[in-house]
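What follows is a short report on a single structure.
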Amino acid sequence: MPELPEVETVRQGLAKWVTGRTIRTVEVHHPRAIRRHLPGDAHFIALLTGRTIVDVARRGKYLWFPLDSGDALIGHLGMSGQLLMQPADAEDEKHLRIRFTFTDDGPELRFVDQRTFGGLSLSEGGAELPDEIAHIARDPMDPLFDDEAFVARLRGKHTEIKRALLDQTLISGVGNIYADEALWRAQLHGARPTDQLTRPAVRRLLAHVRDVLGEAIVAGGTSFDELYVNVNGESGYFDRALNAYGREGEPCHRCGTPIRREQFMNRSSFSCPRCQPRPRTIRH
DNA sequence: GTAACACCCTGATAGC
DNA sequence: TGCTATCAGGGTGTTA
């Protein structure tokens, strides 16, 4: 389940492996993997073949590869996507969707994705920042992230705090896992109304979001199973440091109360009933 | 304009 | 054993 730390780990790995290399061939093995590329696979392949990758960039959970043509290859891992470097003679993965080979005959780049929520697309003229992902906010690790603008925008919204943390146009890179972890650290329930939080409370929460993401980046990202591995095929191990996510019934690391699980937006939220009491006012 | 929800997908797991 | 139901969840499109 790649969130910002996992995607950043992949970005760093890919940057070392593909920067400066020229694409020889592109194979699309599954149409859904390029469903966001509306002109279709022939166009996708034509604009990539012979192009040199000049960098690997990221915004939130999106990656993009600026090309020497001024275009950019955009990638999103979705829930189960992987971008793997593999020797040409390595056996095809069961869920191999797209294969890139390079003119130097070095390792191939493979996009592998079991659940096909992820995908690649090509952005013409998008080397600097693709239009397709311009609506995604900067992430809190970005030096240009504007803390006070975030605080003001969040407090101006009429929604719940966890919804706001998952809104990628407000703050990017945070998914279900790190939202729960940051809320646990801030001792806030995810249903707290954003318009009733004080500025200092939002600043504290933002600091916790940064801490959680930063620690996870150092640890190489969270991984619960083999669905996520980094570019070298190695799983991260941040899951050992989780305080809330996935710990239903286990004692809170702060007060010992069993962690509760609640349904939220068709998924699960984990929190401590004592440290993170539900707000008294119920919104509708 | 804003908020909330359905939907896409496959494999693991639970229940019968 | 083998079937069906449920769950995981990011981002987009649709609805309210």
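Using the three backbone atoms N, Cα and C, a Cβ is placed for every residue, glycine included.
TrEMBL annotations: computationally assigned, not manually curated.
Note that the structure is a prediction, hence the values are computed from the model and not measured.
Residues or ranges marked as active site, schiff-base intermediate with DNA by TrEMBL: A:Pro2. If you look up TrEMBL, you'll see A:2-118 marked as domain 'Formamidopyrimidine-DNA glycosylase catalytic'. The feature active site, proton donor is assigned by TrEMBL to A:Glu3, A:Lys61, A:Arg267. What TrEMBL lists as DNA binding site is A:His95, A:Arg115, A:Lys157. Marked as domain 'FPG-type' by TrEMBL: A:243-277.
Burial estimate for the recorded positions (A:Lys61, A:Arg115): highest at A:Lys61, by number of other CB atoms within 10 Å.
A separation of roughly 17 Å, to the nearest angstrom, links the Cα atoms of A:Pro2 (active site, schiff-base intermediate with DNA) and A:His95 (DNA binding site). Between the two most distant C-alpha atoms of the annotated DNA binders (A:His95, A:Arg115, A:Lys157) there are 40 Å. Nearest neighbour of A:Glu3 (active site, proton donor) by Cα distance, taken over the recorded positions A:Lys61, A:His95, A:Lys157, A:Arg267: A:Lys61.
According to DSSP, the secondary structure content of the domain 'FPG-type' (A:243-277) in residues is 0 helix, 12 strand, 23 coil. Rounded to a whole value, the Cα-Cα separation of A:Lys157 (DNA binding site) and A:Arg267 (active site, proton donor) is 22 Å.
Taking the Cβ of A:Glu3 (active site, proton donor) as centre and 10 Å as the limit, one finds 24 other Cβ atoms among all the protein chains shown. Ranking the recorded positions A:Lys61, A:His95, A:Arg115 by Cα distance from A:Arg267 (active site, proton donor) puts A:Arg115 first. The recorded positions considered are A:His95, A:Lys157, A:Arg267; of these, A:Arg267 has the fewest other C-beta atoms within 10 angstroms of its C-beta. Confidence across the domain 'Formamidopyrimidine-DNA glycosylase catalytic' (A:2-118), taken as the mean pLDDT and rounded to a whole number, stands at 92.
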